[in-house]
Amino acid sequence: MKNFNGKLILIGLMGAGKTTLGRQMAQRLDYRFYDSDHEIAAAAGVPIPTIFEMEGEQGFRSRETAILKKLVILPHIVLSTGGGAVLKEENRALIRKSGTVVYLHAPPETLLERTRCDNSRPLLQVADPLAKLRELYAARDPVYRQTADFTVESANCRETVQTLLKRLSR
């Protein structure tokens with residue numbers, strides 16, 4: 001694994017725990033925490049579902065790339081990326097060269113359990129959210145694994161934080 005340069009970038013599907021674990025890691029490392037989805041919504045002045053509604057997924061992805069470019073140049077950060085950030089090669093290259101990339105992995109059933117009551121996830125506003133998560137998982141899991149420096153199972157938050165801290169200190 002490449003040396004940890006003070007930038008931890010978390011990737012994975014929605015519900016994998018990127019934001020929750022990211023906040024915990026930032027606190028433990030005494031770093032600043034950023035959630036790219038939050039930053040996109042703040043910059044746009046509207047929630048993510050509204051961006052999807054007004055601009056479609058492609059418009060959202062363009063905003064995502066612009067925000068990632070601004071965030072990855074900051075020192076000592078933990079960055080939680082949106083689940084689809086890795087869909088664009090430009091984003092994958094950007095995060096790979098900018099920091100240590102960790103794929104937080106969880107199976108679709110766990111992801112559904114974690115996102116079931118969250119209406120702010122535009123891609124899950126479908127008749128069968130589990131089928132949609134399985135479809136996203138099948139398409140994205142290989143990309144996450146190729147992009148990440150390493151993969152961590154996203155289960156118990158405390159244990160996952162400890163695992164990440166150990167991996168970063170190697």
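Cβ atoms are placed via backbone N, Cα and C, with glycine included.
Feature list (source: Swiss-Prot):
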BINDING   Gly15, Ala16, Gly17, Lys18, Thr19, Thr20, Arg121  ATP binding site
BINDING   Thr19  Mg(2+) binding site
BINDING   Asp37, Arg61, Gly83, Arg140  substrate binding site
Quick check for you: of the binding-site residues Asp37, Arg61, Gly83, Arg140, which have their Cα within 10 Å of the Cα of Lys18 (ATP binding site)? Gly83
Return only the integer: C-alpha distance in Å from Asp37 (substrate binding site) to Thr19 (ATP binding site). 10
Per-residue Cβ crowding (10 Å cut-off), top of binding-site residues Lys18, Arg61, Arg140: Lys18
What subset of the binding-site residues Gly15, Ala16, Thr19, Thr20 lies within 10 angstroms of Gly83 (substrate binding site) at the C-alpha level? Gly15, Ala16
Extent of the substrate binding site in Å [max Cα distance among Asp37, Arg61, Gly83, Arg140]: 18
If you count Cβ atoms within 10 Å of the Cβ of Ala16 (ATP binding site), leaving out that atom itself, what do you get? 25
Where Arg140 (substrate binding site) and Ala16 (ATP binding site) are concerned, what is their Cα separation in Å, rounded? 13
For Arg140 (substrate binding site), the three-state DSSP class is helix
Please identify, from the binding-site residues Gly15, Gly17, Gly83, the residue with the sparsest Cβ neighbourhood, meaning fewest other Cβ atoms within 10 angstroms. Gly83
Tell me, how many other CB atoms lie within 10 A of the CB of Thr20 (ATP binding site), whichever protein chain they belong to? 17
Please report the three-state DSSP label of Asp37 (substrate binding site). helix
Within 10 Å of its Cβ, which one of these binding-site residues (Thr19, Asp37) has the largest number of other Cβ atoms? Asp37
